[in-house]
């Protein structure tokens, strides 16, 4: 009995008899033995969240500091992003792949006159036939010693493409294969030239054929080289890539390829508007924001520097002085242009479709402007020859450098570890607001300020009022139904709209998009009919908590794969999502929600993009460009698999409707 009493009496008891809810000091350790009853076992010590008093204090601290922390986090995210164009956050580019670390190769290309002759003949035959001169390309490629094959394809677009004036698309791709004399056909490189209805790209075709003739006379090739000329711009490129990899992801109808080379390691797309260029502009943004390995871009820039070629990014020259403010400010403009183009999810050149198949690729565009220094096709050909010779040395795919980066200049980059905190700070605002709502839902009667004038023990917390499930299910289901209608109905209902209204198919798709988008503004009136009248007052808090978590998860996933899109959406949607509530200046909150909706974000991005391009838009021109962007977004989703349209329609638009419902909650 004595030993048992010692065992129970020396424990670290924290039960009602020791301290309890009254906060009395714990009784000193000693002998505790009752004659009439056995000793009671002690309760375990309460933690921070299990102790009601400490939990109440933590809730008050969170509520009191929530607003300043949200403001500080949002400002820190925007400031961090703007600082990415300034050293030391922006770093110098460097070559990571050892096989491409040196440019000590002797470029021997001297076929400038031959390239111009090929270009003149190609342009003449194209004007004569009115389409791609397939027979002439076959004869010319065979004359320079290539294995020549053709591929026919056709595609019916979901609705007419008024930008390029096409609906039933058909064409023929022509490609020649230069077999490697020093290795088996296990790996290959691609040099491609797109030919569309808007631009013939004759100089690029001539340079491609001249390079093929020059490469045919060399014996050091260890990889097959494919010289590809595609028709109908990106549609021809997509048809060839799908047939080459024996898949069909876009519904393209094409003939099977009769000839194949090895696995494609890298590709370069060439676009030239003249036989004399003043600079070469490099495009890196691919489908759904994919980027090529940074080593490929560094390799091309290195050979441009070696040959004295002027190389630009986003049409902007590289800043020369990084010590003053002017250099980083110019880099910030280039960085913003890249962010806007990457966020669009469009393939900004044929290379963007190669990236889907894990093929590192670039698009090089020759620009002929009023700059003083001009270069002929020989200089461009030597740069391409050097790039292909270094890629020929690769023993494995490019993998050592970065795949996630931002470019304030060609010689500077920002890695993923340096730009992700900008999105993290913005997403932290959503987490803090969600934590505040959770505290308010679970801690009844807790306010941001301590009650004054009361001394002594605090009363125990009352259980929080329960939230009706119906008040959450109805807005969630109706919001997702609106998003599904926004995704499905515009394309399916275009023929019905053209029968009842005097509009074309493309106009019907855009107008249906706008009509369904605007119809979502009536969502609160629809859900209030479904929600029970006995729904508790805390229903809007629970709905906003769900919407905040939903938005935070979407933006986090988007930022991991396409940082530019995730950051733009977070920078616009986070403030409205944090401030929206059914009490307070409701018209001001409604205006803020509308101005930060996904459609308004797209419209504002178009104005900003043209302003950075030094081609500002008027309100009427901006609205027309906005309508064209809507049509192109839907078309590129069904044609190439771009994910921006379904992401906005099925994810972010329903989430935005939840906040709209919170604002008008009764």
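From the backbone N, Cα and C atoms, a Cβ is placed for every residue, glycine too.
Summarising the annotation, TrEMBL assigns region 'Disordered' to 1-36.
Within the chain, the transmembrane segment (65-86) has long-range Cβ neighbours (under 8 A, six or more residues past its boundaries) at 328-329, 331-332, 334-335, 406, 408, 414, 418-419, 421-426, 428-429, 432-433, 435-436, 448, 567, 570-571, 574-575, 578. Annotation source TrEMBL lists transmembrane segment at 65-86 (among others).
Sequence annotations record features per position, and here TrEMBL assigns transmembrane segment to 402-430 (among others).
As annotated by TrEMBL, transmembrane segment applies to 467-488 (among others).
Residues or ranges marked as transmembrane segment in TrEMBL: 508-524 (among others). Within the chain carrying the transmembrane segment (508-524), a Cβ under 8 angstroms from the stretch's Cβ atoms is held by residues 159, 475, 478-479, 482, 485-486, 489-491, 493-494, 497-498, 501, 599, 627, 630-631, 634, 653, 657, 660-661, 663-666, all 6 or more beyond its ends.
Tertiary neighbourhood of the transmembrane segment (545-568): same-chain residues 81, 288-289, 338-340, 342-343, 345, 404, 406, 416, 419-420, 422-423, 426-427, 430-431, 433-434, 437-438, 441, 472, 476, 577, 601, 605, 644, 647, 651-652, 655, 658-659, 662, selected by CB-CB distance under 8 Å and a gap of 6+ residues from either end. Taken from TrEMBL, the feature transmembrane segment applies to 545-568 (among others).
Same-chain residues lying 6 or more positions outside the transmembrane segment (588-609) and placing a CB less than 8 Å from one of its CB atoms are 336-337, 340-341, 343, 517, 568-569, 572-573, 575-576, 579-581, 616-617, 622-623, 625-626, 629-630, 648, 652-653, 656, 659-660, 663. TrEMBL lists 588-609 (among others) with the feature transmembrane segment.
What TrEMBL records for 616-635 (among others) is transmembrane segment.
The annotation transmembrane segment is assigned in TrEMBL to 641-664 (among others). Beyond the ends of the transmembrane segment (641-664), by six or more residues, the same chain brings 249-250, 287-288, 344-347, 356, 475-476, 478-480, 482-484, 486-487, 517, 520-521, 523-525, 527, 540, 543-544, 546-547, 550-551, 554, 558, 565, 569, 573, 576-577, 580-582, 586, 589-590, 593, 597-598, 633-634 to within a C-beta distance below 8 angstroms of the stretch.
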